Amino acid sequence: MLLPMLVSIPFFGGFLCLLFNQKNAKISYYLALTSMALVFILSLILLFNTINVIVSSISNSSWSFEYIVPWIEKFGISFHLAVDRLSILMLNLTSILGLVSVFCSWKKVQKNIGLFYFGLLWTLGSIIGIFISVDLFLFFCFWELSVLPTYFLMIMWGYKDNDRKFYYNNIFSANKFFIYSQISGLVLLLSTLVLVYTHYIYDHILTFDYDVLKHTSMNIVLESCIMLGFFLAFAIKIPIVPFHSWLPDFHCYSPVIGVVDISGILLKTSIYALMRFNIPLFPHSTEIFSSIIMFFGIITIFYGAIVSLFQNNIKRFIAYVSISHMGFILIAIYSINQVAYQGAIIQLISYSLSTAALFLLSGHVFKSISTFDIDKMGGLWSKLRWIPGFLLIFSIINLGVPGTGNFVGEFMIFMGCFNSHLMIVILSIFSLILLALCSLMFVQKICFGPINNRYDFLCDLNVMTICDFLIFVFLLVLILIIGLYPNIIIDVSYSPLCSIRNIFSNFI
């Protein structure tokens, strides 16, 4: 019963927060905090129990925990939840960043507090559902459900720039996100239905169960078409070039607290879905199209890095750098290499933590000087306590300096791709020079240089509370632990990632 509890706690907690929306703001906060604390505890229980479970084989059907009850039996749909070590890692990442989101929201949300936590918890609940669903219809339901609360968080609590035209505001950006998400959902639904129908034609069994569908027999043309449909649905939400235009706008005008979930967790569901569904369901077509998709990964890396050089909005800059780093992970996924797979997971987790920290810091900068415009900043190192120092630290971490999880992830990706994709590795390494230049310019413009006279009143202003300070220290410690002792993730993720790699052993 751990899995149903894990997915239901955020939804139930969000509903309770909504009930107390107009009564007591503190009650809503403590309900949200309690809900995420329970999710975190359950995630840790799953992790420790999974480590102690001896799996007899590394087949793709080996789940550490599983829960299944019939739902719509006529169409072969069941409420099928299951986790292996890969999904448990993602659950722990979700619970950690969920707790960070709730902690950081204390006294920062001023209106409709209960409704805010309702949207936040339902977003987190949907993400948890995505990570533990192995019935494709149930997965699709959670995939679509994650869009609505995120959309309303953007509409009601997003940043409103009254000096810009209507198409540069939170409502337009939210609508753009919604449209892209609906296109992604539509393509995913159509591709799923074609896969289910194909399985029914060949095996005369109507089912949405992942464990059954991965054995579907089909010709290579049909498999390629369905695989590309799944890939397109997930690529829109990663996002990769050319499906990326919604992300910078969304980050720019979304609430800082909401960005932690969107950038830190929600976008990573697509990476997880590629590894969980795209590769095991369509191994032959994955191998055929791997080089083309890796080429898109290279384009994404360079495009994100180059465009970020010309950004003057701190949140838009972080968004483009995030897009660039997603290119590295995409290359790792389609390299068909065990070491690169593990590097992708380490990079995914570490980068989620460091990006969440940078977005939170951008909120602190805005609270201090009431602007996200980098060109209007400068000399903040002597004006603000702690914030410039943390900006420098997490920007350097994003460069992938040794001793951090980001470095280990990138190094393993390059090492895994080196033998079979040497040119890809060389181009990727050159892109790191651009990313380093971006990060250094980012820190220099904000923290150093001439002091803007309009910020003289900020001298020694301390906008960072003890709680905020401890959160940044906590995120920093996690990244350093992963960097100094990556076996924490490597050992846990080895079995499921080895299963994915072994799918190709019969025909590569």
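Using N, Cα and C of the backbone, Cβ positions are placed for all residues, glycine too.
Quick look at what Swiss-Prot lists:
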type	residues	note
TRANSMEM	1-21	transmembrane segment
TRANSMEM	36-56	transmembrane segment
TRANSMEM	86-106	transmembrane segment
TRANSMEM	136-156	transmembrane segment
TRANSMEM	177-197	transmembrane segment
TRANSMEM	220-240	transmembrane segment
TRANSMEM	255-275	transmembrane segment
TRANSMEM	288-308	transmembrane segment
TRANSMEM	317-337	transmembrane segment
TRANSMEM	343-363	transmembrane segment
TRANSMEM	389-409	transmembrane segment
TRANSMEM	423-443	transmembrane segment
Do any residues of this chain, six or more beyond the ends of the transmembrane segment (86-106), have a C-beta under 8 angstroms from a C-beta of it, and if so which?
6, 10, 29, 32-33, 36-37, 39-40, 43-44, 46-47, 50, 64, 116-117, 120, 124, 127-128, 131-132, 256-258, 260-261, 264-265, 268, 272, 275-276, 345, 349, 352-353, 356, 360, 363, 467-468, 471, 474-475, 478, 489, 492-493, 496-497
Between the transmembrane segment (317-337) and the transmembrane segment (220-240), do 3 or more CB pairs sit under 8 angstroms, pairs being 6 or more residues apart?
yes
Same-chain residue ranges lying at least 6 outside the transmembrane segment (317-337) that approach it to Cβ under 8 Å
238-241, 244, 247-248, 250-252, 263, 267, 271, 274-275, 279, 286-287, 289-290, 293-294, 296-305, 307-308, 311, 343-344, 347-348, 351, 355, 358-359, 362, 374, 398, 409-410, 413, 416-417, 420-421, 424, 428, 431, 435, 438-439, 442, 501, 504, 508
Long-range neighbours of the transmembrane segment (389-409), counting only residues six or more past its ends (CB under 8 A)
321, 325, 328, 343-351, 353-355, 357-358, 361, 365, 432, 435-436, 439-440, 442-443, 446-447, 472, 475-476, 478-484, 486
Within this structure, do the transmembrane segment (1-21) and the transmembrane segment (423-443) have 3 or more Cβ pairs under 8 angstroms, counting pairs 6 or more apart in sequence?
no
Mind checking which residues reach the transmembrane segment (1-21)? Cβ under 8 Å, same chain, six or more beyond either end.
27-28, 31-32, 34-36, 38-39, 42-43, 45-46, 65-67, 81-83, 91, 98, 112-115, 117-122, 124-125, 128-129, 132
